[in-house]
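Undergrad: Before anything else, here's the structure in question.
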Amino acid sequence: QQSGRKYNLFLKRRLRIDKRHQSKDSIFFRDGVRRIDFVLSYVDDLNKEWEKKLERRKEFESNLQKAGLELETEDKKESEDGKIFFVKIHAPWEVLITYAEVLNIKVPIKENDIPSMVENPLDCVLFPLRLPEKVMHPEPDYFTAPFSKDKQELYLIRDESTFFSPSMRNRIVNYILTRCPYGTEEGKKKFGIKRLLNNGTYTAAYPLHDCQYWKKANDPNCDSERYTLYMEWARFLRFYKEQPLDLIRKYYGEKIGIYFAWLGFYTEMLFLAAVVGLICFLYGLFTMDENMSSKEICDPAIGGEIIMCPLCDQECEYWRLNTTCESSQYSHLFDNVATLFFAIFMGIWVTLFLEFWKRRQARLKYEWDLVDFEEEQQQLQLRPEYEAKCTQKKRNPVTQEMEPYLPLTSQAVRFCISGATVLFWVSLIIASMIAVIVYRLAVYAAFASLMENTQTLQPISGLLTPQLATSVTASCLNFVIIMILNFFYERIAIWITDMEIPRTHMEYENRLTMKMFLFQFVNYYSSCFYVAFFKGKFVGYPGAYTYMFNRWRNEECDPAGCLIELTTQLTIVMAGKQIWGNIQEAIVPWICNWWGRRKARNNPENLYSRWEQDHDLQTFGALGLFYEYLEMVIQFGFITLFVASFPLAPLLALMNNILEIRVDSWKLTTQYRRPVAAKAHSIGVWQEILNGMAILSVVTNAFIVAFTSDMIPRLVYYYAYSENEDSPMSGYINNSLSVFLISDFRERNEPKENPENFVICRYRDYRYPPDHERKYLHTMQFWHILAAKLAFIIIMEHVVFIVKFFVAWMIPDVPADVKARIKREKYLTQKILHEYELEKLKERLCQGDKRATEKEFIATEGRVELSRAM
C-alpha cells in the first residue's frame, strides 16, 4: 500500500511537470509570450467569510478584465503546498499606452547626441572601484518626452513587448489595481487592492523578480537583472565597488534608486569626516602623557594627598583623587584642543555634505528624466483610502470637478486626537528618561559603596569608577527602553496617521515622517542631552546638596569632567542601535524565508514556480524605505549633534554604512519580493530634517565644548590664574577643587565613618573656602569662566554660521554643465516635437485634408523657429 501511494504521488508530480512545460524561472503566461506583470494570491478557506470573499474576487477580477488586463489563474493543485491560488496579470499594449499617457511617463524619442561629461582625471586611479560599463549604464541615454497615444510614430518603439521596462509595467498595473472597484458594501463603493489585502480576500499582491538571484534565467528573453545586481552589488565582497545606480533605478524604480544614491554619497562624504576624526583621536592618544591635569591627578604627592568628599550620603567614604587616575587619562582622548577644531570642522562638513548632495541630486534628476517631474503621478494624486472614507464632495476650484473632501470639524477632531497621542508618547519617553536618571542616582551610591569596600574590585577600581559603572549600566538600560518604546510607537504612529486620513501620498508620508522623527529624536537623544547639559550642573555643594524629588542626590561629574561619560553614552546607544538594526534587517528576514521555504527544497525544480518562490519571500512594504531613511537620519544626528564628545563617531558610522549598503542591497535582492516601482525626484522631507539638524548641531557642539568639556576652565586658568610661567597648567587641579570643612556636614550627608579623622575634603567647584567671609559662595573665577563659556558659544556659533552660509552661497545647487544640458535637451525635444507636427501637417496638406489650413501650418513653422531662437 505504501509503495502504491508513492507511485501515485510520483505520477501526480510527473503529470504536473508535463502539464506546465515551463522552467521554474518562467515570468510568462503558459503561452510563453505574454509577460507576467503582477501576481495576486489567495487561499480558498471555507470559513463564514468565504462566500463574501469569493464574490469580491469575482467582481474585482471581472473589473480588471474590463479595464483591459489579461488574467491567468493557477489552481491550488498546481501550487507547492496545494492551498494557494495564484492569479497572474498581464498588461497588453493598449492598456500600457493608455495609462502611460495618464501617468505622464516619459519615453525615448531620440538617442542623446550631447557629448558626455568631461572625463575625471582620477579615473585611472579609481579604476579598481569601477564596475563594467554594461552594468553601470544598462541602457543608452535618450532624449525623452511624455507619452501620447496620438504620436506613437514619434517614439523609438522597436519592440512593443520591451518598449516599457518591467518596472514601468508593474507601476501601471499597480495604478489600476489600487483604483479598481469590487462592489458596494454598507452603501459605500469599495475599491483598491490594499483594502482587499487588509480584509483577507487576497493574501498577497506583488510584481515578479526576473530570475533567481544566484543564477541567470534559462529564458533568453529575460535580462536576468536580479542576478547582475546580486553579483555586482549585493555581495559584501563588492563593498569597495561603486553602486550601479542606473541599473538599480531600472529594476526597482527611481524612489529606491535615489535612496541608494543618497546613502552612497553620505558614506563617501563620511570618509573625510572619519579621517579627520581619527587624526583628532590620535592627537589625544599621543599627547595623553603630556596632559598636566591627569599627571597631577595620578601623582601620589598631589592627587594622592587630595581627599575628596564622599560620592553619596552616609554610606560612602572619603576617597583619594588619584583613584581616578586612569579614567582621567582616558578622558584626555576626547577632551583636548583637537575637540574644538573637530567641532568647527564638522559644522562646515555638514554644510558641504548637504550642498554637494543637492548638486548630485540635480545631476540624477537630469540623468533619470525627473527634471519636470512633479510628484503628481503617485504622491499628489488622491489616496484611495481618502476617496473611500470621505463621503462628502465639493467642487475643485482648479479642475471644476467634484472631489471628496474631509469637513473642517472632522479634521480638527482628528488632529486633536493625533496631537494628544503624540504628546502622551513623548511624555512617556521623558518619564522613562527620568526613571533612568532615578536609577542612576539610586545605583550610584551602591556602586560607590561597593567599589570602595570590595577588595576583589581593587585591580579595576582605577578604570571602572562609580561614575563610569553607573553610566555604562544606565546606558544599556536606556538602550533597552529605547528599543521597547520604538517597537510600540511605530505601530501607534501609523495608526494615528491613518486616522487623520491624509489627502495625498506625499501628505501621508510627510505626516508620518514628522511624527516618527519627533519621537525618535526625543527617544534616542534625550539621554545624551541629559549627560551633556544637565548632569553635574545642579549638584550644589557638600553642605547643601540638591536632591531629585527631595530623595536622591544629584549626580556629580568625574573630576576629569563629564565628557567621557557622554562618550560612553553615545557609543553604547549608537553602536547598539546599528548592531540591532543590522540583525533586524538581515538575519530576521533570512530566518523567516528559510523557514518558509524549508518544505519546497525537497520538491522537483519545475514544481516550485517563479511566483511561488517570490510569494515565500518577505514583503517590502510601502514604508520600507521610510525606515531606512529614519535609521540613517538618526545616525546622522549622532555624528553631528554630539560629535564634539566623540571624534570616532564618523568612523563608526562609516564602517556601519559600508555594511549597511550591502545589507540593504542583499536583503532587497535576495530576501524580499520585488517592490512596486515608484518615482521620486528627491529624498523629500528628509532634506529639510537634515538641514534643521545641521543648524542645531552647531549649537549643541558649542554648548558641549563650553559646558561639558573642561576646555574653557583650562583656558581661563592658563591665561588669567596660572602662577607658574614655566608650566602654566601646573596647579590647575588644585585650583579647580574647592575646600569643605567636614564639621559643616549636615546629618543626612555626613559619612558614618571617618577612620583617618580628616578635617577637610575637596569637591569640584569654584567656591570660597570655609574661613572666608563669603564662605561657600561662588568665587570670581567661577563668573569669569561662565562669561568665557557664553562668549565662546556666541563666537563659535557666529563663526561657523557665517562660514556655513558663505559656503552654501558659493556652491550652486545645480552644476553649470547640468543646467546647460537641461536647456539643450529641452530645446532639442521641442524641436523634434514641432518638426513632427510639421511633417504631419504636410502629409495632411498633401492628402488634401481641408482641416489642415495654411494658417495652422504657418503657426507650427513659427513654433519651430521660436524654439530655435530660444
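Placed from the backbone N, Cα and C atoms, the Cβ positions cover glycine too.
According to TrEMBL, the domain 'Anoctamin dimerisation' annotation covers 28-245. What TrEMBL lists as coiled coil is 43-77. Here TrEMBL flags 248-825 as domain 'Anoctamin transmembrane'. The transmembrane segment annotation in TrEMBL covers 259-286, 337-357, 422-447, 467-489, 516-533, 633-654, 689-709, 782-811.
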Undergrad: Against the transmembrane segment (782-811), which of these stretches has the most C-beta pairs under 8 Å: 422-447, 516-533, 633-654, 689-709?
TA: 689-709
Undergrad: Where else in the chain does the transmembrane segment (633-654) make close Cβ contacts, counting only residues six or more beyond its ends and a cut-off under 8 Å?
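TA: The answer is 266-267, 270-271, 273-274, 276-278, 280-281, 284, 334, 338-340, 342-343, 346, 350, 517, 520-521, 524-525, 528, 532, 563, 566-567, 570-571, 573-575, 577-578, 686, 689-690, 693-694, 696-697, 700-701, 704-705, 708-709.
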Undergrad: Against the transmembrane segment (467-489), which of these stretches has the most C-beta pairs under 8 Å: 259-286, 337-357, 422-447, 516-533, 689-709?
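TA: Maximum Cβ contact count belongs to 422-447.
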Undergrad: Most CB pairs under 8 Å with the transmembrane segment (422-447): which of 259-286, 337-357, 516-533, 689-709?
TA: 516-533
Undergrad: Residue list, the transmembrane segment (259-286) vs rest of chain: Cβ under 8 Å, 6 or more residues beyond ends.
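TA: For the transmembrane segment (259-286), the nonlocal Cβ contacts are 242-243, 245, 248, 332-339, 341-342, 345-346, 349, 352-353, 356-357, 360-361, 364, 625, 628-629, 632, 636, 639, 643, 647-651, 653-654, 657-658, 660-661, 664-665, 683.
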Undergrad: So which residues does the transmembrane segment (689-709) touch in its own chain, when a touch means Cβ under 8 Å and the partner is 6 or more beyond its ends?
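TA: Distant contacts of the transmembrane segment (689-709): 335, 339-340, 343, 346-347, 350-351, 354, 513, 517, 531-533, 537, 561-563, 566, 633, 636-637, 640-645, 789-790, 792-793, 796-797, 800-801, 804.
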